[in-house]
Each structure stands twice: as structure tokens, then as C-alpha cells.
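Enquirer: Sharing the features that Swiss-Prot gives for it:
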{"type": "ACT_SITE", "residues": "Cys2", "note": "active site, for GATase activity"}
{"type": "BINDING", "residues": "Arg49, Leu50, Ala51, Val52, Val53, Asn75, Gly76, Glu77, Asp97", "note": "L-glutamine binding site"}
{"type": "BINDING", "residues": "Leu256, Ile288, Ser363, Gly364", "note": "ATP binding site"}
{"type": "DOMAIN", "residues": "2-191", "note": "domain 'Glutamine amidotransferase type-2'"}
{"type": "DOMAIN", "residues": "213-536", "note": "domain 'Asparagine synthetase'"}
{"type": "MOD_RES", "residues": "Lys385", "note": "N6-acetyllysine"}
{"type": "MOD_RES", "residues": "Thr545", "note": "phosphothreonine"}
{"type": "MOD_RES", "residues": "Ser557", "note": "phosphoserine"}
{"type": "SITE", "residues": "Glu365", "note": "site 'Important for beta-aspartyl-AMP intermediate formation'"}
Amino acid sequence: MCGIWALFGSDDCLSVQCLSAMKIAHRGPDAFRFENVNGYTNCCFGFHRLAVVDPLFGMQPIRVKKYPYLWLCYNGEIYNHKKMQQHFEFEYQTKVDGEIILHLYDKGGIEQTICMLDGVFAFVLLDTANKKVFLGRDTYGVRPLFKAMTEDGFLAVCSEAKGLVTLKHSATPFLKVEPFLPGHYEVLDLKPNGKVASVEMVKYHHCRDVPLHALYDNVEKLFPGFEIETVKNNLRILFNNAVKKRLMTDRRIGCLLSGGLDSSLVAATLLKQLKEAQVQYPLQTFAIGMEDSPDLLAARKVADHIGSEHYEVLFNSEEGIQALDEVIFSLETYDITTVRASVGMYLISKYIRKNTDSVVIFSGEGSDELTQGYIYFHKAPSPEKAEEESERLLRELYLFDVLRADRTTAAHGLELRVPFLDHRFSSYYLSLPPEMRIPKNGIEKHLLRETFEDSNLIPKEILWRPKEAFSDGITSVKNSWFKILQEYVEHQVDDAMMANAAQKFPFNTPKTKEGYYYRQVFERHYPGRADWLSHYWMPKWINATDPSARTLTHYKSAVKA
């Protein structure tokens, strides 16, 4: 996890413009660099580094002697870089995984390059010989990338929007900033004056498609067919591989553990893989909650079962409320469910950074979208409609869950890794017949649970534990985070403010006092930037007015049972 920043065709003083890049310094606490492009005095790269791989020679922009005309600034991890290096017999100058991008590009061009990358990434690649600039982002948008471009060809890119909003450009007093779409790359012409012109924007990968790099994977041979035992065996193989490849780091590994199905499977598999790799330190797992929260109790059981070095972080309602302003600033969104769920993750990330030496943190993000884990999937009218909804959620992850996961950890200089969003695992899961993936017998993620039924990876009671939203599970059923927030915003937003909400906020008008409060905080930090969020996250098929699982009938009946 790092922070990247680049300008092309700036007409303002670069030393002043570079101050904007310091707004993402939290993403790279170990080192930073600014570098002008040779021959283009108005083009510049900025980089904030979190040293995870090759701490000695990992500074960016990456340049190697063999390709003096290539400049690469990227944030990500390319898990198959050694495999690609060996297969094509590339001669590396560093041990940095991103160097593979330069070699693949020289060999086959940008499309082949980006399709061969197994990992998560956001990059800016400059080819001064051919006068081209390339932008690219991974399939699910696990690594963030924002872009601002004017009609006269000024281009600015950054890992977070906050690094772009104060940039100056003579032709545009208000610079439009927008997220770069996941699963896409863009080709731009570089003009002699340093400005650019967009040539094409290409969608290179759909989450259902088996990625091109699968041809070179080390995964065990999968068995054909959709018999249940075959599918379960294939899923176990792919999930183990997804975790194993993500061990690539020179820093200590830890794992978020809420005690839910997803984080528990990740933690248990991770600990098993660390032992097989003969890593010489115990796995640290981290849980957060208020006293006697369901998550803390469940996480404790999992930690005892797998034998991790477990940490419990307690917080109270006052600490949660006080964190809201910092959280919304870090997130760059006012989406209700994203803000709610981010408070716990933000506070636990803060604890990890201050009190431990774990830097690379695993989590269970992405599973709910992939495996139809949200409670409202019980109401899907058909397996096909459930499949469509699952794919929609995956397409929009970059606006919600992976945004939350990235910003709350990056705010404290941590790197998050998400095995459930592995290309091979997710594409295989989505290839299964729709009827195999829907909730069964009143239980969501039935196939995933059944897959690990006989593995003894985690306790049975955790394997079959009903779905809890992270923002709900960190507090008690009697006094949920949802309820605490409602009581707080009731004193912050009055009825007159709500009556005038449509006039004050005509775009994405908040419908609740909680939504109004978050929007107020967001506008204070990012005035006029409401379009960064295209729509609120909301359950489907149930006419919900609030995204909390605690408000759903299925959840209430499950609690009573």
C-alpha cells in the first residue's frame, strides 16, 4: 500500500502543486519522493512509500536501465511477478513486484500487460519514447485511483481524491475529480507541451471471466463438473491458493477477526499457510467492539481454536462518535452504511499501528458480495436475479466496501489484503450454477459454509453463525451502533433542517437525520464534491429505508430464535 500522485501539463508552479500530494502522506509513512520528468518541466510524479517488498530498492517512480524511457508509479501488489519473470526470462534490476509491468509492457504492450497481472493495483505508466501515458486499475478497484482532466489537456491522478481537490489550473477554477473505473485502462497521447489527450478507455476484464494470467498459475489442477463434492474441493484449492499468494511481504502479517464466517476462514487459513511457510512469528489477530459485543465473543472462540496471538480492542459510544469526523474525511464519502461500518475498522487500524508491528493486514472483505452473504438475498425472486445482484455489488465495491477497507487502514499506514477477491477464486465462484450460490434452508453463504464443513478450520458454531453486519456486531443487540448513532444525530439535526434537505442537498438528498449529518460533515471537508458518490448503498427487494441488518425482518426473527 502506497500513495501515488502525478501531474501532466501543469501551468502552475510545481513546487506549490506538490503540496497537494502531501495530503496522502499517511499512505506511505516510510519515505516520499517527487521527481520531474526529463524534457517535460510541467510533468511530475509524487510517491509516498509503505515499504512492504524490497525495502532497499523500492522507491518510485520505478525506472530501470533497460528502459530509460519508461516511468512507472504504482500502488499495489503483483502476486505472480516471480512466475512471470521466470516464464519470460526477464532480467530484473530490483526485487520490486511492480517492475514486471515495465518488462511485460515492453514485450507485449499495455493490454497484454494489464491482463497478465495477478494482483491489486493502480498505476500511471509513462512512455516518453512513444509519447504515451497509461492509467490502469485492478478488476475490483481494491487499490484506489482518482483522476482530474481538463479540456485543454491538464491531467492529474492520485490515490485519493483529497490529493487533487486543491490543485490549480488556469483554465478551470473548479477541477472535476472522479474515481478511475476498476477493470479499465486508459491510453493518452503525451503532447510536446506536456499536456495529454485521451485516446481510448478500455474495459479489460470482467469479474466472471477467467483471467489471462491463469495460464501461468501454480494452482493445483481443478476438477471439471458441478457435482457438489467437486465444487467444494475446487473452492478449497482456490481459497488456499488465494491466501498463500498474498503472503508476499517483508513486513509482519496480521489479520482482522470479527468472529464472522469470512474473517474466521481467512484467519484460520492464513495461520495454516504461515506455519507451512515456516514464518517465525505468531499470527496476530485483532477484534474490536464494545463490551460484550457478539463479535468480541465470537472472535475469541476462533482465536482460541486456531491458536493466534489475539488482541481485543474496546471502544465506547463516545469514542465512536468522536471518530466520525476523521472517518468521513478519510473515506471521502457520506454513504450511510460505509460510514457506520468504517468507525470500528478505523479505530482498530489506529490501534494496530500504534501498538503492534503488524503492517500487512488480511481481512474478509468481498465475500458478502461474491457469495450472496447479505441477508436481503433471502428475498431474491430467483437464482438468476440473485446472480445479477451479486455481480452488481461486485462492480460497485470500489464505491463502498473496498473503499472503506482501503481508507480506514491506509489512514494509519497499513496495507490490507483481501483473499476473497482473488481473480481465480472469484471467477470460479461466479461460474457456478446460480442455484448453487443462493441461500439455502434460511442460511446465507450456504455453499461457502458447506465447503469447509469437514475441515475443522474454525468452530462449527462460527461456521454456521448467522450474518452480522460489522457495524452491528461490534455492539450489543440491546444497544446497537445503529441505535447509538440515531440518538446522537437526533440532537444534531432538527426537523426544520430535514424539511429543507432537498433544497440544501439537491443531489443524493439525505432521507434520514443520520444521512443528513454525514452529508454535512462531508461538505465541510469536500464542498461541492457530492457526485463522488453516485448513489447510497441500500438492500434490494425489501423496500428498506435503512441499510442496517438490524432493521430487517429476517434478522429480527433470527435473533429471537
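Keep in mind that glycine also has a Cβ here, set from the backbone N, Cα and C atoms.
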Enquirer: Taking the residues the record says bind ATP (Leu256, Ile288, Ser363, Gly364), how far apart in Å are the two Cα atoms that sit farthest from each other?
Expert: 15
Enquirer: Using the alpha carbons only, what distance in Å do you get between Arg49 (L-glutamine binding site) and Gly364 (ATP binding site) once rounded?
Expert: 25
Enquirer: Around Leu256 (ATP binding site), which residues of its chain at least 6 apart sit with Cβ under 8 Å of its Cβ?
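Expert: Ser263, Thr285, Phe286, Ala287, Met345, Ile348, Ile361, Phe362, Ser363, Gly364 - these are the non-local Cβ neighbours of Leu256 (ATP binding site), listed in sequence order.
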Enquirer: List every residue in the same chain as Glu365 (site 'Important for beta-aspartyl-AMP intermediate formation'), at least 6 positions away in sequence, whose Cβ is under 8 Å from its Cβ.
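Expert: Set apart from Glu365 (site 'Important for beta-aspartyl-AMP intermediate formation') by at least 6 residues yet with Cβ under 8 Å, we have Asp262, Asp401, Val402, Ala405, Leu416, Val418, Phe420, Leu421.
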Enquirer: On the three-state reduction of DSSP, what should I expect for Lys385 (N6-acetyllysine)?
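Expert: Its secondary structure by DSSP: helix.
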Enquirer: According to DSSP, which kind of secondary structure is Asp97 (L-glutamine binding site) found in, if we only use helix, strand and coil?
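Expert: Reduced to three states, the DSSP call for Asp97 (L-glutamine binding site) is coil.
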Enquirer: Between C-alpha atoms, which of these recorded positions comes nearest to Gly76 (L-glutamine binding site): Cys2, Ile288, Lys385?
Expert: Cys2
Enquirer: If one measures from the C-alpha of Lys385 (N6-acetyllysine) to the C-alpha of Ile288 (ATP binding site), what distance in angstrom results, rounded to a whole number?
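Expert: Answer for this pair: 35 Å between alpha carbons.
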Enquirer: Average the per-residue pLDDT over the domain 'Glutamine amidotransferase type-2' (2-191) and send me the rounded value.
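Expert: Here the mean pLDDT over the domain 'Glutamine amidotransferase type-2' (2-191) amounts to 95.
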Enquirer: Would you find the one among the binding-site residues Ala51, Ile288 whose Cβ has the most company, meaning other Cβ atoms within 10 Å?
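Expert: The residue with the densest Cβ neighbourhood is Ile288.
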Enquirer: List the same-chain residues at least 6 positions away in sequence whose Cβ sits under 8 Å from the Cβ of Cys2 (active site, for GATase activity), in sequence order, or say none.
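Expert: Expected: Arg27, Gly28, Phe47, His48, Arg49, Leu50, Gln60, Tyr74, Asn75, Ser159.
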Enquirer: Counting distance between Cα atoms, which of the binding-site residues Ala51, Val53, Asp97 is nearest Ile288 (ATP binding site)?
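Expert: Closest candidate to Ile288 (ATP binding site), judged by Cα separation, is Ala51.
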Enquirer: Which one of these recorded positions has the most other Cβ atoms within 10 Å of its own Cβ: Arg49, Lys385?
Expert: Arg49
Enquirer: Enter the number of other CB atoms within 10 angstroms of the CB of Gly76 (L-glutamine binding site).
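Expert: The answer is 24.
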Enquirer: So, in DSSP terms, is Leu256 (ATP binding site) helix, strand, or coil?
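Expert: Strand, per DSSP.
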